[in-house]
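**Student:** Handing you this structure, nothing more for now.
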Amino acid sequence: MKTYLVGGAVRDSLLNLPVTEQDWVVVGATPEQLLAQGYQQVGKDFPVFLHPVTHEEYALARTERKSGQGYTGFTCYAAPDVTLEEDLLRRDLTINAIARSSEGELFDPYNGQQDIEKRVLRHVSDAFGEDPLRVLRVARFAARFAHLGFTVASETQSLMAAMAKSGELSALTPERVWKETEKALKTQSPQIYFQVLRDCGALAVLFPEIECLFGVPAPEKWHPEIDTGIHTLMTLAMTAQLSPEVDVRFAALCHDLGKGLTPKEFWPHHHGHGPAGVKLVEQLCQRLRVPNPVRDLAKLVAEYHDLIHTVNKLRPETLLKLFDAIDVWRKPERLEQMIMTSEADARGRTGFEENPYPQGDYLRAAFRIANGVSVQEVVASGLQGLAIRDELKRRRQQALAEWKLTQEVISPLN
């Protein structure tokens, strides 16, 4: 019986990245042998065990054979006669198919180290095409390692395109699609995930609301990049520099979905695209079972992001309506989330990446003024019921009106 460190831990150590978890493969052993040593079995479909002390995962070496549809349609064979090479052969990418022995010796039968040096994501074998989840995994690894210069091998790209065309992606459950997407949104370059999916045809299958933005023009004066799909990915890339939050990044991804509904005769203008996009956000989130808090922010950003661009022109009552709509009184964190997505929208344009976004500070200051009106004083004045709400609104409007007189005019987005 021999144990080997495998997968991400070996890959990340070779890339000089922090290793967060370790997975092991055990060659030449039976479940009974591991159980006798105190390991706890946790895998139902294939034999995976938890180490009695470290609680790290140890899996018996196994092979997999396609026996049905989708990413669950596999028959596993785990036995003492399965070799390390056979176990590594079933893995998705060569960079994930390297093992290290307890003595530190590397086993790399599929040239993963060479692909790490070349910064290439390459599938190990044609069995890659049997698991549709791997299309998403490759896109996620491309996003995760883009800053290191990794790209997808052309032959892997071709195989992913064939998989997208075959209809196999429809076997993926919404939960798995969202889980991979959520992981991708947390990476340093989340826009690469969606670009890789688009390059192989998977974006049209899994995210048609985003796919249809490509080829939709916006006015060149405001959008030198012209294409709304390109602008969407630029906005997501900019958001990744401003916030690590999945909610904010997903909202940025969805902010212009409504432009996909604009009839061609109205191009390149998209009047009312914000409210129109709310329904598409709802549709996308319902299909992928996106968590409610993530969905709620994305809907608000779709509806109000353009309003924030013109915040200094808003009347006091309109500012208060905006604060009410985003529920900032009870959820003050929403203010920063809305500002970050609007800033990313403004800066996610060719030639505007380094521009300041004074609308953010203006909106923060406006909220401080409105929130500074004392609710206790209104209640203490003896008013009852709805009269309290109306008086609070009146005082907030008055405070904002007086404050606005002292503010410099912000030039519009240019």
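Every residue, even glycine, has its Cβ placed from backbone N, Cα and C.
The structure displayed is predicted, hence computed values, not measured ones.
Reproduced below are the annotations present in Swiss-Prot:
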BINDING   Gly8, Arg11, Arg91, Arg137, Arg140  CTP binding site
BINDING   Gly8, Arg11, Arg91, Arg137, Arg140  ATP binding site
BINDING   Glu21, Asp23  Mg(2+) binding site
DOMAIN    228-329  domain 'HD'
**Student:** Quick one: largest C-alpha distance among Gly8, Arg11, Arg91, Arg137, Arg140, binding CTP per the record, in angstrom?
**Tutor:** 16
**Student:** Can you give me the Cα-Cα distance between Arg140 (CTP binding site) and Glu21 (Mg(2+) binding site) in Å, rounded to a whole number?
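**Tutor:** Between the Cα atoms of Arg140 (CTP binding site) and Glu21 (Mg(2+) binding site), the distance comes to 18 Å.
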**Student:** Express the predicted model's confidence over the domain 'HD' (228-329) as a mean pLDDT, rounded to an integer.
**Tutor:** 93
**Student:** So how many other Cβ atoms are close to Arg137 (CTP binding site), meaning within 10 Å of its Cβ?
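**Tutor:** Arg137 (CTP binding site) is surrounded by 19 other Cβ atoms within 10 Å.
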**Student:** Applying the rule Cβ within 8 Å of the centroid of the Cβ atoms of Gly8, Arg11, Arg91, Arg137, Arg140, what extra residues of the same chain belong around the CTP site?
**Tutor:** Gly7, Asp92, Leu93, Ile95, Asn96, Phe141
